């Protein structure tokens, strides 16, 4: 394994507004590079107003560096939206869904997150695994009776371990979206990053339903490949007993066009609509539990190990 820069995590500042609204009100990320420096500051200041405790450093310094951050985020999405095609996703399922790459316990995987350096994350002075425990503890505080929900908070990002096994960052992190049908406008950087994707030019894949049937259900949809789908496949392969609500959280927590912007409802069945409130509830803790107050991880390990032993015991295949 090697230490890698995991790249921009778009759960931060560069996603269209996550509040449900009319689609005409989505922020437009189709911008000319000549005015990007203005937008850099706008996006970053907006995020600072929402989550000021996220940062440990001087805002002016951050604004100076925001152009490079914007470029990294944009370039990652450019690669993702160019190469995440229907054929690519099918190939990744063949490569990873058989879980024949390595064997590891759940807690060992959580610890391995500390080998990942996310260049988009300004909180670089504490390990990535701390966010896992922060998320889990946030859920535990509000949902003390749902131990499976707490465990989902702990493990939701560990599919990112693919980045330690030579998978490019654009196939690991980032917002997810269906392939095999029309790319919706709520996808981040929709209007400026898909022109090189061959599926965009394929008439059979460029309709509202594409290869799918109306209300076929998200379980029958192929999503862009990333840590969400990978961890879901690992859970199913190893017969982990996390309830269906938790599996939806794992599989679709990065599907922002759906759970935050209300797109792709024409593909959803009744089960998807029943599970949507659970995914929305999880998202609150995923985005807003990072803070400067770090948990005492060592004191928390025995409790969360007991949850792992209950739902995902032993050595798992990945």
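Cβ from N, Cα, C; glycine included.
TrEMBL has this to say about the protein:
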MOD_RES   66  phosphoserine
BINDING   131, 156, 157, 227, 253, 286  Fe cation binding site
Judged by the number of other CB atoms within 10 angstroms, which among 157, 286 is the least packed of the binding-site residues?
286
For the recorded Fe cation site formed by 131, 156, 157, 227, 253, 286, name the remaining residues of the chain with Cβ within 8 Å of the site's Cβ center, in chain order.
132, 135, 228, 254
